[in-house]
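Quick look at what TrEMBL annotates:
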type	residues	note
REGION	1-87	region 'Disordered'
COMPBIAS	68-77	compositional bias 'Basic and acidic residues'
REGION	112-189	region 'Disordered'
COMPBIAS	136-157	compositional bias 'Pro residues'
COMPBIAS	178-188	compositional bias 'Basic and acidic residues'
REGION	231-260	region 'Disordered'
TRANSMEM	263-284	transmembrane segment
TRANSMEM	296-314	transmembrane segment
TRANSMEM	321-338	transmembrane segment
TRANSMEM	401-423	transmembrane segment
TRANSMEM	430-446	transmembrane segment
TRANSMEM	452-469	transmembrane segment
TRANSMEM	476-493	transmembrane segment
TRANSMEM	499-516	transmembrane segment
TRANSMEM	523-543	transmembrane segment
TRANSMEM	576-600	transmembrane segment
TRANSMEM	612-634	transmembrane segment
TRANSMEM	640-661	transmembrane segment
Amino acid sequence: MAGVRGKPSVVGAEAPRDEVPARGGSQGEVEVDTGKREAQVDPDATAIIKLPPRNHPPKDLPAQDLPAQDRPRKDLPAAELGAAEDAEATQVIRLPEASPLVDATQVIPAIKVESGDAERTQIIELPNRTTTTPPKTAPPKTTPPKTTPPKTTPPKTTPDGAGPNGAGPSKAAANGAEPDKGALRRGELGGAERTQVIRLPAADETQVISGVKAGAGEKDSAVTALIPIVHGRKDGQRTKVPAPRDPGRAPRPARPRREPLDFGHAPAVLTISALGVLMIALGYAGGRIGTGNAQYAYWIGQVVVFTPVVVRLLSRRMAGVAESFVLVMGLALNQYLLKWMYSPDQFRFPDELQHWLATTVIVQSGELFQPNPALPPAVHFPGLAEMGAALTSMTGLPVTASGVIVAGIAHLVFVAVLFAAVLRASNSPAVAGVACATYATALHYLFFNSMFLYQTAALPFFMLAVWATRRWRTEGGWPFVVLAVLSMGVCTVSHHVTAFALVLTLTLLAVVELVVQRPRRWSALVLPGVDLVIVLAWVLFVARDVVSYLEAPVDQVIDTVNNLISGTSEASSTTAAISFGQLIVQGLGLLGLFVLYVALLRDMFQRSDRDAWRWAAAVGGAIFFAGNGARFLGQNGPEIAARLSTFTYVPISILAAIALVRGVQIIPAKDADGHRWRASPPAIDVIAPGGWNLYSRVAAGSLMITVLMIGARAGGWPPIGSILPGPYLAGGFERSVDAYGVDAADWERDSLGHDNRVGGDVTSVSLASTYGRQDPVREVGPLYYADEWGLTEDQLVNDLYIQYLVVDKRLGEQLPEGEAYFENDPHAGNITSPLTATQLGKFDTLTGVDRLYDNGTVRVYRMGVGG
């Protein structure tokens, strides 16, 4: 007997009793639909089914000349061999055990029996079917199907009843008489009616047969049923009989359909968050017109935007990945709107203006690597400018609008990839969502990392390279390697600091993997090595000036540390000092992070955690706390800490999310021996809390993250004094850009031409170098602080080759918001009064100095250098 072929499956619908249409079946399967019937079935029942004939070679051919499938089988038992060689094919089906009113529909693969007869026999044995219904003696009442069966052609027979090939009398007649009982075992079948659907291996048609009552017999018995032969051919071509839709038909195996995305309560939560955006917009409007209570609307709006999302992410009742992802992306979008609403009409931050100029130059010239006097290193990192110029060229949008779109998309993509990376590492949508929400409390997240800056363009590719590296290390596959290498390349040509940070990050991941995991896989060093080669090649052969450009901030960090150690004051900061209240809020948030970090680290040690990526995050968290110590040390501390936190805040956010979501024990419970600190349940595998324990954890976690957010807004960017837009503030960066300064810069571009050496305060130099297309001179503070003009000032003008000076009369009316009027200000942090009228008016009395422009507030002087 040949082996069973086909792929078994289970179907669970019942065909109607009075109407069973003919159906087409798939080859290699026999489908038995027993339906829900109150039937008594013998423990071992068998059904014999006639199958269509198949073409065979003539009987007079020797056995050795026949095909293998048509040769007689001598190894079959006599009963099976006799049944197989009969002129009419039969099929023996042993029905499985089942109870009444049970849907026992099954799809049974067909069995081929090699035979030399014109028809063949298929024998399929099934498990016994049993029932508790008492046997009935009356035969079942059968009802012919209402639908018209497919046209059938009976097999040709001789007058004496022989089969088509003269193989002797058949064991069963076509009218449904029982076959010879000597060939098969027989048994009892109760007086119920069953429907069996047979899918034949070699035909497209499906045969529908009614159950046949079997006579009394032994416990192991057989039930015989006869099926008319359906050839399924017309004029030599296979035909298919269309069948009406049958609700009782066994469905074909189908590709599972995706369930609709379940967003849970994300739409409602984000609606509440959007109300916070509206409140902040009202606060911005109040700041522009000078409303005294505008800051209350701002801070309440910040909490409304942020906290509901955090509470939902920590609630453990999310619908799944879809809801968590929508909450995270909705929060990122709302927060980007806060940045855009601060200055919706134009770029005002000096760095944004520098990249606006780079993009404008590419749009106008159509070439990369064009000089940018406002930010010389940006010439060799054209990633952001190319993106903005491409969008402007394709859409015709202004560069400002294109910059807003590019920065917004880059910001959202970064958050999305961060979510994907954490989800891949933790396999928890709650952890991924809380990690992204925690990262949103970084000092520079809201403004600096969302501005039109080249770091904003590089961050998505930084995170994409990390994600692709993770996928390659865990799953393998060259597509992830290719994606990682491409991300490294785009990151390298977009921003130097982010490129260096990516090399260090990948190196850290590789080294920790080699230390933690066994056996060691030295292939972990491949991608960090590739990234190092890419960055070095770009810096050594293209962006050679980046080393000298980065020397200044490095020296600044060193000087800050030395000044702190020696106790001397600094004299080069242009940022506002941190107030005591800011220190309290930021310190409380950092203290909460540190407690979670220590608790989770303790559990990782106790569990002997072997996850390399969690240990890498632990190392990154240590670097985060070390770098954030600079936030409280000196005037440049917040800026240094904020720039570091762009990268180091990622690992600490992941660890904080794991601790908050998985319920790390801050103070562990006592073990069986009464020890509290020696042993505690693992933080990653503990049972989720419930009831008031859950509510308290959600409240505490939400409060901690909200405090972190408030501290970041107070100590991040813009400074607390200019956190709302409004009128001009001296040294206030965005708040210093207004129509007077822009008009003066436009005049410089139109009247003076490009690339003249122009000096002035922080804002005047920024506007002159971008809108005015001039070459900025930033070391001009001594010229303004001098009460009288002398040889020292003349020498400085000649040494710096200053051709023009810009004087803003408002420097004599306000103290600087950022602790300095000028870049490299010699009096930074020590300014107690505005500049005097004598200091600002002395330029009108100098011989050879001409006032070329005056709009009532801003003046432009020609210094007589360079003719």
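Each Cβ is built from the backbone N, Cα and C atoms, and glycine gets one as well.
Unlike curated records, TrEMBL annotations are generated automatically.
Against the transmembrane segment (321-338), the recorded stretches 263-284, 296-314, 401-423, 430-446, 476-493 differ in Cβ pairs under 8 Å, and the greatest number is found for 263-284.
In this chain, the transmembrane segment (476-493) lies in contact with the transmembrane segment (452-469); the count of Cβ pairs under 8 Å, excluding pairs fewer than 6 apart in sequence, is at least 3.
Looking at 263-284, 296-314, 430-446, 499-516, 523-543, the range that has the most CB pairs within less than 8 A of the transmembrane segment (640-661) turns out to be 430-446. Between the transmembrane segment (296-314) and the transmembrane segment (263-284) there are 3 or more Cβ pairs closer than 8 Å, counting only residues 6 or more apart in sequence, so the two stretches are in contact. In this chain, the transmembrane segment (401-423) lies apart from the transmembrane segment (263-284): fewer than three C-beta pairs between them fall below 8 angstroms, excluding pairs fewer than 6 positions apart. Between the transmembrane segment (476-493) and the transmembrane segment (263-284) there are fewer than 3 Cβ pairs closer than 8 Å, counting only residues 6 or more apart in sequence, so the two stretches are not in contact. Within the chain, the transmembrane segment (263-284) has long-range Cβ neighbours (under 8 A, six or more residues past its boundaries) at 294-298, 300-306, 308-309, 312, 317-320, 322-323, 326-327, 330-331, 334, 337-338, 341-342, 724-725.
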